[in-house]
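Report on the structure given below.
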């Protein structure tokens with residue numbers, strides 16, 4: 001009935017067996033964290049987070065983590081270089097693209113409400129190797145992201161005091177002679193303050209983030225209302241241009257959409273708090289959806305106002321909003337806008353640091369990292385040790401390093417996570433795991449259930465021989481078919497054929513998903529590689545497009561697996577338009593990944609190679625699934641019930 005997840009390599013085993021065992025470790029999948037799986041942990045309640053969050057808290061986390069100071073700069077840069085007055089449409093298209101990932105996150109977050117976010121979903125649906133890379137990439141994302149945000153706060157604070165050099169000396173930036181290193185004490189202090197706040201408790205930190213986010217939203221409301229009034233009085237000069245609404249054409253508008261897409265990164269922070277939500281099946285999808293809707297609406301309204309106040313070619317790329325108001329004689333608005341930029345950065349800093357300890361905790365629970373990170377404080381019910389470690393690392397980077405050059409690495413972790421979440425939705429719908437791991441400590445219950453089911457099967461076979469199907473007769477009572485036993489060879493053959501068809505359908509679906517991913521990679525590479533000749537580009541695009549469209553047709557035609565209805569926690573949100581929506585999501589995210597540039601990928605590769613070494617040396621050998629026993633998913637509840645009764 002079950003089998004050990006990874007065979008051990010004894011001293012007498014050959015290297016081939018060890019290699020096969022090592023490869024198996026990359027694809028072993030964990031069980032959805034549920035009451036059963038959590039109770040099986042020896043540490044039990046010491047690893048449980050506080051159930052304290054509701055929909056308003058989740059909206060606060062989502063909006064606060066998403067709306068950063070970038071919007072105060074992006075509107076100028078993108079309008080000048082790509083979109084022109086069509087910037088609002090660029091934000092709308094980017095918002096729709098982000099919503100595709102949000103739909104996927106919403107389903108998986110409600111089905112698998114546990115800390116870890118995309119790492120957790122990948123571990124359940126794809127395998128341990130991919131899950132490790134996603135978790136490791138997210139650690140990089142939040143570390144670099146938090147440090148970059150912190151270093152952006154001090155210049156904005158200085159502007160409130162009147163000039164870039166007006167901060168007190170103990171907060172101002174200094175350059176260390178001889179080392180050419182600029183230290184930023186203000187950034188480090190802010191990181192440590194946020195770390196201390198996060199250690200107090202999730203509800204308390206969310207309340208503070210809610211206040212800071214409210215100030216930022218009020219500032220954006222000021223821009224929309226006052227800017228709208230100025231535009232109405234002046235006749236919207238930014239829209240009265242001879243070049244029209246699309247000065248760079250549709251291509252420019254789409255290029256602008258791909259740039260502003262990164263302004264929506266942050267809503268996934270909501271999913272990392274899934275274990276702390278009171279009603280995750282209802283609240284998580286609504287929190288993600290409302291947060292993204294609010295962000296998209298604010299972005300569109302602010303961009304519509306600003307590009308209408310000033311012609312796009314006259315915008316200041318560094319301070320587009322302040323300069324737009326100054327052009328209409330309202331110079332004092334710069335102070336309000338700077339306050340909005342500072343509060344948005346502070347809120348984003350909290351949103352960058354908060355998810356990382358929870359991802360570290362999830363990875364430590366699974367044995368891929370030391371148990372130090374899985375400890376949860378009994379009083380505050382937050383992973384205090386992981387939070388402090390995260391704060392120290394982010395604070396050190398913010399103090400010593402100019403991480404702006406590394407900011408592109410933040411996008412890699414996010415886009416990889418978005419891609420794997422979409423793939424996980426396809427796997428969940430068409431080939432959900434039919435075997436799940438159970439700790440080897442339940443071996444006695446596993447054997448008991450196996451014996452019981454074998455006995456029932458034998459008893460049923462004996463009863464089946466006595467069961468008859470009534471004869472089918474014609475109108476004059478003449479038997480058309482004699483009595484047929486349920487155990488008749490024809491019936492058994494039909495049941496076997498049905499089982500075979502189910503297995504074949506799963507096999508076809510699995511291969512189709514793989515070919516879709518290959519087709520996406522080929523199409524996006526052909527579209528992105530600049531030096532590719534036209535014949536090669538067309539040939540690759542044709543091959544990739546054929547794989548992609550064929551896969552979409554196959555998945556649309558075959559039935560989704562019935563086991564999806566009982567996978568994880570039921571009763572939550574269901575992603576619509578499957579398989580089209582997840583496939584489109586994969587296509588968009590992979591295209592953006594490839595276009596991040598070779599320099600960014602070279603830096604990320606170093607981090608991923610380091611992570612691979614850590615996994616090979618520690619994670620693979622300490623994984624909680626190393627000695628797990630895999631059993632049919634339909635037997636899991638019975639095994640846990642049997643174990644509970646025996647205790």
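Using N, Cα and C of the backbone, Cβ positions are placed for all residues, glycine too.
Since this is a predicted model, take the numbers as computed values, not measurements.
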360-381, 382-403, 448-469, 470-491 - the range that TrEMBL marks as transmembrane segment: 382-403
Range annotated as transmembrane segment in TrEMBL, from 27-46, 87-106, 147-166: 87-106
Given ranges 2-23, 332-353, the stretch to which TrEMBL attaches the annotation transmembrane segment: 332-353
Best-contacting stretch, by C-beta pairs under 8 Å, relative to the transmembrane segment (382-403) and drawn from 288-312, 332-353, 409-431: 332-353
Contact call for the transmembrane segment (409-431) against the transmembrane segment (87-106), three or more Cβ pairs under 8 Å: yes
Contact between the transmembrane segment (55-75) and the transmembrane segment (332-353) (3 or more Cβ pairs under 8 Å, separation 6+): yes
Within the domain 'Cationic amino acid transporter C-terminal' (573-623), residues counted as helix, strand or coil by DSSP: 40 helix, 0 strand, 11 coil
CB contact flag for the transmembrane segment (176-199) and the transmembrane segment (87-106), at least three pairs under 8 A: no
Top partner of the transmembrane segment (288-312) among 87-106, 118-139, 244-267 - counted as Cβ pairs under 8 Å: 87-106
Maximum Cβ pairs under 8 Å to the transmembrane segment (118-139) - stretch from the list 87-106, 244-267, 600-618: 600-618
